[in-house]
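Participant: Once you've had a glance at the structure underneath, I'll fire off some questions.
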Amino acid sequence: MESFTILGRVGEGAHGVVFKAKHVQVRGNGEVVALKKIHLKKIDDGIPNNILREIKTLQAITEHENIVRLFDVFPDGSSLVLAFEYMVTDLSEILRSSQNTLPEVSSYYMIMLLRGISFCHENHIIHRDLKPANLLISSSGQLKLADFGLARVMSVENERLYSHQVATRWYRAPELLYGSRTYDEGVDLWYLGCIFAELINKSPLFPGDSDIKQLGCVLSILGTPTTSTWPGLIELPDYNKITFSGFLPIPFESIVPDATSEVGKIK
Ligand code: ADP
Ligand code: MG
């Protein structure tokens, strides 16, 4: 940490504090970076899985222009520090601060988001926690995926079970809400749709206020699924525990009224 001057605190997440800092150099301007400092509770327990995941997945894919760059990882006392390229804001901040609706810029953000996700999936990585606060924006307006603490490398063997306790509630895909443990990169596409609607409407699409109500919130908008709209539905672990019958789907044009009609045709 001695080689950095801390310029301020830019974020606080579940696992640590993020600082804006400048690299101290003998000559010239030091590079501005973001330092994510993660306190390791018990040093003897080793580095927690989620931190290792974040480092390992980022090292595999950090070269892409829509993935945040990880420059370095180093210990600092009983903490571990991840040095990232500094990003001026994130999409949740943009949503909060902009007065107008965002249809114009939304398509640019969506393209960058799609490129980032597509690169992850080509590299067999599921992000599993996409949401506006984890989509960082650079000074030149580039969107980059960040926070790979829940990311997973997809297994080539089909038998592997994943945890369904992932993702921030409002962005959690319905198969996760039904307890699926064999899901795939489709969960990232679900987040993508949620983020798209949020950009257009400027409010979250499925703001469920508890885990139980989240599925009801989703189905009240998209309609109760059937085995023809969702083959394999009844085999999901929690299908019999949670039932919401009789919801009819709301037309796409009413869900995101400001989106162009072409968007509704993309299936
Ligand atoms: P957590 O897993 O704790 O949510 P994140 O990686 O999402 O950690 O970081 C928390 C917050 O810190 C982000 O939402 C963002 O506001 C800020 N942040 C993270 N990385 C950077 C970065 N590279 N540049 C600027 N701010 C960042
Ligand atoms: Mg985060």
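Cβ coordinates are placed from backbone N, Cα and C, and glycine is handled just like the others.
These came from TrEMBL, pasted as-is:
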- K36: ATP binding site (BINDING)
- 4-267: domain 'Protein kinase' (DOMAIN)
Participant: Which whole number is the mean pLDDT over the domain 'Protein kinase' (4-267)?
Facilitator: 88
Participant: Neighbour count, 10 Å Cβ-Cβ cut-off, for K36 (ATP binding site): what number do you get?
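Facilitator: Other Cβ atoms within 10 Å of K36 (ATP binding site): 26.
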Participant: Quick one: what's DSSP say for the residue listed as 'ATP binding site', helix, strand or coil?
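Facilitator: Note: the residue listed as 'ATP binding site' is in a strand by DSSP.
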